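Can you keep this structure in mind? I'll have questions shortly.
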Amino acid sequence: MQASTFTVKGNTGFGLQNRRILQGVSDLRSRNLAGKSLRMTERNSCFGVRMDSASMGIELGRARRTVQSVFGSSAKARSHRVRAAGEDIEDAAPLKVQGQSSGSVLPYVGVACLGAILFGYHLGVVNGALEYLAKDLGIAENTVIQGWIVSTVLAGAFVGSFTGGVLADKFGRTKTFILDAIPLSVGAFLCTTAQSVQAMIIGRLLTGIGIGISSAIVPLYISEISPTEIRGTLGTVNQLFICIGILVALVVGLPLSGNPSWWRTMFGLALIPSVLLAIGMAFSPESPRWLYQQGRISEAETSIKRLYGKEKVAEVMGDLEASARGSSEPDAGWLDLFSSRYRKVVSIGAAMFLLQQLAGINAVVYYSTAVFRSAGITSDVAASALVGAANVFGTTVASSLMDKQGRKSLLLISYTGMAASMMLLSLSFTWKVLTPYSGTLAVLGTVLYVLSFSLGAGPVPALLLPEIFASRIRAKAVALSLGVHWIMNFFIGLYFLSIVTKFGISTVYMGFALSCLVAVVYITGNVVETKGRSLEEIERELSPAI
């Protein structure tokens, strides 16, 4: 999922020999040890995104036109009994939608994406602020405590990802967003006003819990309220807003050099989207699927009217009724995730994030600056801009193809491209015949890898998981998969440099290439295509009622 910027600093170029590479890493590590965990964790899907408001406007404009086109066309005729909110039960005539839909999901997707912005912002904000807050709190020489300030957010995020699933099942999606604003706001306030290390760590822990909850419920809510025809496009908006949050954190840190106390303002600014998230969700419709599952039929119909217009009530209710027909099961417990009915689909969800991390995204990002310097690109900003441009371009292409090419095919294209790029990177460091071109090939391999990642491996898992999980396990299964994501991030950040020291960067890159090929084989045999299919239809295929 999420990554940040290419601000890895060091004064040693990326040579052809492992000895010189490792020396550069050693210098980097000694100069900024406490920041390593953050950088390694932040970078996994959105690293270095440069997305301006005009680009976002184009994307949302395209999505709005798609919605209007979809809802303006004729829908499949259905005839069944339906009760509109506040009306008597009557036989519904076959549905014929004419003209434009009177509802729109885009405002509510936008509100939910405030959680995605906060996700990216809290991951990225400490990157620039750490040096200055360490001086203010008297820990400038204590890299261990600085590491705790950086890494505590990861522990909080791990807890929050599981908590989010429980809260979403019990209280609903919108109320969980509102509750999530509490740790996000309180944590930001404590970080802003901290006069001690203890207060700062508690604040970081709370914000970690908040972003962990957001990581679970933002894609969940978007997938459940999005029309089938554009669910893929809207699902990628979540990733773009995470990247925007990271980018905002970087831009906000620019005044630090002239105003060292600015770090407090950087943390304090996070209060604004936190409050807006709570207010916006107080006026947003609840997920119709969750309401229907709770037996709140009238409220589900009202929610459908707000999201899609009254013309869609009969059709959407028909899908929900067909999904629930013959089954009146309660929400699943954690142990149900491992039952024979759900075991396979849950394992696919966890494997998506496991393979994403084992593909080596953190390694490529971590070494990107050194790679570019070996090719004569000495500016960190230029390096970030180049890789960021590749990521934005790939994400934009993925957004346009998600509902045309399909999720599975984009994953296969993505991992195949990543494997080829990793092999190119590995060989550029070892084959003597390529020595004259090693710098150029290393840059080319890095950019191609990032482009391939942004086409599928980055955006698809967070979109695919809420689609393949049955409604009664959706929140908890998404939370479990995200838990795997946070655990993998932690261990990669902890052991990556040790593995590089022992085996060499070329060997490690080749290992990542093999992991990508394993991902291709696994996805081919286990992942189903979900484009153009309703969540209820997918559920009936993958998790049929007992």
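Note: Cβ is positioned from N, Cα and C throughout, glycine not excepted.
What TrEMBL shows for this protein is this:
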DOMAIN    108-531  domain 'Major facilitator superfamily (MFS) profile'
TRANSMEM  105-125  transmembrane segment
TRANSMEM  145-168  transmembrane segment
TRANSMEM  201-222  transmembrane segment
TRANSMEM  234-256  transmembrane segment
TRANSMEM  262-283  transmembrane segment
TRANSMEM  345-369  transmembrane segment
TRANSMEM  409-429  transmembrane segment
TRANSMEM  441-465  transmembrane segment
TRANSMEM  477-497  transmembrane segment
TRANSMEM  503-523  transmembrane segment
Do the transmembrane segment (234-256) and the transmembrane segment (145-168) share at least 3 Cβ pairs closer than 8 Å, excluding pairs fewer than 6 residues apart in sequence?
no
Are there residues at least six beyond either end of the transmembrane segment (201-222) with Cβ under 8 Å to its Cβ atoms? List them, or say none.
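Counting only partners 6 or more residues beyond its ends, the transmembrane segment (201-222) has Cβ contacts under 8 Å with 1, 109, 112-113, 115-116, 118-119, 122-123, 126, 148-149, 152-165, 167-168, 173-174, 176-177, 179-184, 186-192, 194, 234-235, 237-238, 267, 270, 274, 287, 462-463, 465-466, 474-475, 478-479, 482, 485-486.
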What stretch in 145-168, 262-283, 409-429, 441-465 has the biggest tally of Cβ pairs under 8 Å against the transmembrane segment (477-497)?
145-168
With Cβ-Cβ distances below 8 Å as the criterion, list the same-chain residues six or more beyond the ends of the transmembrane segment (409-429) that contact it, or say none.
16, 18, 21, 355, 359-360, 364, 371, 398, 401-402, 437-438, 441-442, 444-446, 448-449, 451-453, 455-458, 460, 505-507, 509-510, 512-514, 516-517, 519-520, 523-524, 527, 529
Cβ under 8 Å, sequence separation of at least 6 from the ends of the transmembrane segment (145-168): give me the contacting residues as numbers and ranges.
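Residues 33-35, 37-38, 41, 122-123, 126, 130, 133-134, 139, 175-176, 179-180, 183, 197, 200-201, 204-217, 220, 290, 475-480, 482-483, 485-487, 489-490 contact the transmembrane segment (145-168) from elsewhere in the chain.
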